[in-house]
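Please read the structure below before turning to the comments.
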């Protein structure tokens, strides 16, 4: 009943903001019941419930509206480009059904889970989440200052002062950072997964905050049309970058906290010395990035983007551009190895993590750092994102290949680590296994990202 009640309340909330209909109430109850059955055993706390709820929300849209559009397009009844008219449906499912049902089921399951869950340390969440929120808010604030957003943010408190608007922005950023720590402390197992969860949480707050609560509290009509989404693409990338910074900084501060106050026991040592582990991950990342870099390089050679890459070193030559590209690929591959070690349990999961890392670098690299290094404005507009679409395909191909090859290399070392029983137990505890919310995070991030790009294109 908890899922059905949450679905009912979610539809009532949609009605209250002008995005729902009364006759949707039974559908909300039915949706909540079905999702509870599907994710109930996995959504063992509110954070996991939220991620599973968002992931199943994207899946529900694909199975319903997405399937209808595809079949109608094949039969010639409707053009597939009309997908942007169904933007409100996806957001309604995510915010009105997926998120509240997932959170409610997670809260309920926290009380019913067999065996004690690892307790949440609120002080740790406040400290790490607050610092990470400030850093993420700083990254987002650069774009906000460029486009003059702070006076508009200040209107939330009845003024147009840019300084007060900046203060409100950072207070919101800290709040999101703290709630991130409270929700995802158990699942942010490493730097890579924490960054992924941060990206998912940032995109969730783009839907809830940027598209919904912000206009609502300003007294404007909440609009979820394709045109409204297109007008918020800068905010979309900004929330993505905020989430990436939030996840990375949270993981760094949280890991430092654990090292200082929890993990000083000499009996809990790693299978290999830390320096050897870093070197191993570096080597695996380099080898994996060579495969991904060659694939991405072929795409860039076809699209002619290597000349632009060569301009980073002042030599507009495709050959120089290819060498620069391989060097950058190697650096990114090494960071992948350090961030995502222990996260994959199959080749497919390695490819999925790689896809996400490729998407992250499209946001951070192609849309942000690359134009900044060339002295151009940030590519956070619809036109710039559409122009960078071939680069997105290349980043995804690079990430998928790198993640898959890295898993194969890492698996060999894992087999060696099973030779000793104590090492076996430690390796098992450190490695993510099937059943965690990782697939739901992949589905939500990649699904929402691709959907927004379809609207842009």
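Residue numbers in this text run from 1 along the chain shown.
Note that Cβ sites are derived from N, Cα and C of the backbone, with glycine treated the same way.
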Stretch carrying transmembrane segment according to TrEMBL (options 419-437, 438-456): 438-456
Range from 90-110, 164-184, 283-302, 322-342, 438-456 with most C-beta pairs under 8 A to the transmembrane segment (386-409): 283-302
Any contact, the transmembrane segment (196-219) to the transmembrane segment (322-342), with at least 3 Cβ pairs under 8 A: no
Beyond the flanks of the transmembrane segment (239-262) by 6 or more, those residues with Cβ under 8 Å of it: 124, 127-129, 131-133, 135-137, 139-140, 173, 176-177, 180-181, 185, 188, 190-191, 194-203, 205-206, 209-210, 360, 363-364, 368
Contact ranking winner - 90-110, 122-144, 164-184, 283-302, 322-342 against the transmembrane segment (438-456), Cβ under 8 Å: 90-110
